[in-house]
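Have a look at the structure that comes next, please.
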Amino acid sequence: MKVSMSLILITFWALVTIAKAYDPSPLQDFCVAIDDPKNGVFVNGKFCKDPKQAKAEDFFSSGLNQAGITNNKVKSNVTTVNVDQIPGLNTLGISLVRIDYAPYGQNLPHTHPRATEILVLVEGTLYVGFVSSNQDNNRLFAKVLNPGDVFVFPIGMIHFQVNIGKTPAVAFAGLSSQNAGVITIADTVFGSTPPINPDILAQAFQLDVNVVKDLEAKFKN
């Protein structure tokens, strides 16, 4: 079967466009990030120190054995280990979090714009899930996890975790970006700066405008 050159070029461009949505591939063994550009080389979007000056501490972090403080309104805590904590992660396209949940605590519905997440539960019982896009009719994929269970949240999908047990829960998650980013849905929609016009949100969520104003006051940064 003959394939036109235009189709090949379109397919290639689509693949390149998709690839650009992720962290760039490393061009060297490592590229330890530094804050001072005078002492670095600009590679893959970050200033990097001379590889000959890299040391073990650039690839090291400690403290994930310590529980995060969950005495807050959502009863959970996320401890992040990304390029800000380990500069050696720069250009490597990976990071890690520890998530602690008090009984009935939540990691609220949120999304990571730059990463897929894979989570393993080590203590407790979680109800977790994500919602697919409009094109997939916003289907909910959810599961109850027990220790040793693993669940994947695809890149960009709104997802959540809830501790449904009477004891604390602990999970660890890997993310396919050195800096995955996080968008918490409620905080973003109702707590933006400046606030979104309440009439717009009232129509979008089919709510009375006064309810929206109350929510914006509650989530105001």
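Backbone N, Cα and C atoms are what each Cβ position is placed from, and that goes for glycine too.
Bear in mind that TrEMBL entries carry predicted annotations, made automatically and left uncurated.
According to TrEMBL, the record shows the following:
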- 1-21: signal peptide (SIGNAL)
- Cys31-Cys48: disulfide bond (DISULFID)
- 62-213: domain 'Cupin type-1' (DOMAIN)
- Asn107, His112, Glu117: oxalate binding site (BINDING)
- His110, His112, Glu117, His159: Mn(2+) binding site (BINDING)
Have a look at the recorded positions Cys31, Cys48, His159 and say which one has the shortest Cα distance to His112 (oxalate binding site).
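Checking each of Cys31, Cys48, His159 against His112 (oxalate binding site), the shortest Cα distance is to His159.
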Counting other Cβ atoms within 10 Å of each Cβ, which of the binding-site residues His110, His112 scores lowest?
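Looking at the binding-site residues His110, His112, the Cβ with the fewest others within 10 Å is that of His110.
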Near His159 (Mn(2+) binding site) in space, meaning Cα within 10 angstroms, which of the recorded positions do we find among Cys31, Cys48, Asn107?
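So far as Cα distances go, the recorded positions lying within 10 Å of His159 (Mn(2+) binding site) are Asn107.
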Would you kindly give the Cα-Cα distance separating His110 (Mn(2+) binding site) and Glu117 (oxalate binding site), rounded to the nearest Å?
12
Determine which residues of this chain, when His110, His112, Glu117, His159 are set aside, have a Cβ within 8 Å of the centroid of the Mn(2+) site's Cβ atoms, and list them as they appear in the sequence.
Thr111, Ala115, Phe130, Phe153, Met157, Ile158, Ala180, Val182
Between the Cα atoms of Cys31 (disulfide bond) and His110 (Mn(2+) binding site), what distance do you get, rounded to the nearest Å?
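Here the two Cα atoms lie 30 Å apart.
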What is the set of residues, excluding Asn107, His112, Glu117, whose C-beta falls within 8 angstroms of the centroid of the C-beta atoms at the oxalate site?
Val97, His110, Thr111, Ala115, Leu119, Phe153, His159, Ala173, Leu175, Ala180, Val182
Over the domain 'Cupin type-1' (62-213), what is the model's average pLDDT?
96
Fewest other Cβ atoms within 10 Å: which of the binding-site residues Asn107, Glu117 wins that one? Let me know.
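Counting other Cβ atoms within 10 Å of each of the binding-site residues Asn107, Glu117, the minimum falls on Glu117.
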